[in-house]
Amino acid sequence: MKHNWISRDLAFSSSKYCSFYIRVKRFTIQRRFGLEEEVTKILKAIGEDPSREGLRDTPKRVKKAYEFLTSGYKADIHHIVNNAIFEEDSQGMVLVRDIEMYSLCEHHLLPFFGKAHIGYIPNKKIIGISKIPRIVDIFARRLQVQERMTEQIGNALMEVLDPLGVAVVIKAKHLCMMMRGVEKQNSELFTSCMLGEFKTNMVTRSEFLDLIRTGST
């Protein structure tokens, strides 16, 4: 009798697992082909023939591109930092300038791109310098507005590093202004986020701004 109960329990557990696996598999397939189908619809809607040679694999390529360009949604900042925080008594300003960034405007799904300048004042801890551009990528690889992205980067550094202050300045060109609408090809958007010492101490803030202007292009 005992063995019969075990057999039934195993059979029930197995059926639940199979059902769960099927649901996950179905969701994965739907997600995979859902975007491709929508791209095909867009191509048809603008009067194109999705079956012609040049467009035949476009839905797959667009899907792959968007998975990369929105990979920031899945990124875990603590996994990205990966314990690359080190004890250090230095309290001098640390600045990483001219970090190239690319993102997608959430209003038109058109790219905006430019450079981020990020500084912080250590509070007995420093972060591996390669992690700062990676943190930028986490928030750039999403549907974004530049104003929000700038603050997200600053707040993330404050959270993982607990410094005395963080400063973020981003300069970017937006294709939604360059290719359509007002069509101003030379326009640039500047945004800033000043936290801690950079917000409360004008001398510290001025030093940071002077450094990012020095030799800037």
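A Cβ is built for glycine as well, from the same backbone N, Cα and C atoms used for every other residue.
TrEMBL annotations: computationally assigned, not manually curated.
Pulled from TrEMBL:
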- C105, H108, C176: Zn(2+) binding site (BINDING)
- 36-213: domain 'GTP cyclohydrolase I' (DOMAIN)
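Within 8 Å of the Cβ centroid of the Zn(2+) site, not counting the listed residues C105, H108, C176, the chain contributes L104, E106, H107, L109, L110, F112, H174, L175, M177, R180. Per-residue pLDDT, averaged over the domain 'GTP cyclohydrolase I' (36-213), rounds to 97. C105 (Zn(2+) binding site) falls within a strand when secondary structure is assigned with DSSP.
The secondary structure of C176 (Zn(2+) binding site), as reduced to three states from DSSP, is helical.
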